[in-house]
Amino acid sequence: MATPETRRRPNILVTGSPGTGKSTLGQQVAEKLGFVFIEVSKEVRENNLQGDFDEQYNCHVLDEDKLLDHISDRLDSDEGGIVVDYHGCDLFPERWFDVVVVLRCPTEKLYDRLQSRGYSEFKIKENVECEIFGTLLEEARESYSEDIVHELQSETTEQMEENLERICELAGEFKNEHTMEQ
């Protein structure tokens, strides 16, 4: 079982409310660093890792145990180099991630993005409230060591480019620190 001390490359979690740019940024980070990208929603759909259908949210409920079993070998590897995109973080073991990025977005912009995706008013309201209260940032800070949690703004193209560079810097810092220790 890998730990940050034994991993050669960092595992990175990109989290935030739906519509903050997690998938876009996660994929860009993985491509730029030559890492593997795991888009949890896609893994769930393609590997039947969901439970019952939730009528209120108009989606299937994630079977967390199935998901964790499905991805654990990759995230427990000493090689590292995995970027995971998911809108939550408290279900993942703390040992899996070396960098946790929480994307934030102004609520007006988030509302527009979710509306353009066809989200119901109920789902939009839930996600906007989550963003207003900083629920996912708080969850990340409670689930992981605060020194690996990074809050980044994700409203503009320029911010997305800056976020890509910042995450690549963090990955480089991890690699440098762990190369010196070994």
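The backbone N, Cα and C atoms fix where each Cβ goes, glycine too.
Feature annotations, courtesy of Swiss-Prot:
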type	residues	note
BINDING	GLY19, GLY21, LYS22, SER23, THR24, ARG117	ATP binding site
REGION	1-20	region 'Disordered'
REGION	39-62	region 'NMPbind'
REGION	116-126	region 'LID'
Cβ-based contact of the region 'NMPbind' (39-62) with the region 'LID' (116-126), 3 or more pairs under 8 Å: yes
Residue among the binding-site residues LYS22, ARG117 whose Cβ has the most other Cβ atoms within 10 Å: LYS22
Sparsest-packed of the listed binding-site residues (GLY19, GLY21) - C-beta count within 10 angstroms: GLY21
Beyond the site residues GLY19, GLY21, LYS22, SER23, THR24, ARG117: chain residues whose C-beta lies within 8 Å of the centroid, for ATP: PRO18, THR20, LEU25, ARG113
Residue numbers, six or more beyond the limits of the region 'Disordered' (1-20), whose CB comes under 8 Å of its CB atoms: 26, 29, 33, 35, 75-89, 92, 95-105, 110, 113-114, 117, 119, 127-128, 130-131, 136, 140, 154, 167, 170-171, 174-175, 178, 181
Reported mean pLDDT - the region 'LID' (116-126): 94
The region 'Disordered' (1-20), counted residue by residue under DSSP: helix, strand, coil: 0 helix, 5 strand, 15 coil
Neighbour tally for THR24 (ATP binding site), based on other Cβ positions within 10 Å of its Cβ: 16
Protein Cβ atoms within 10 Å of SER23 (ATP binding site), excluding its own: 17
Annotated ATP contacts GLY19, GLY21, LYS22, SER23, THR24, ARG117, maximal Cα-Cα distance (Å, integer): 15
Residue distribution over DSSP helix, strand and coil in the region 'NMPbind' (39-62): 7 helix, 10 strand, 7 coil
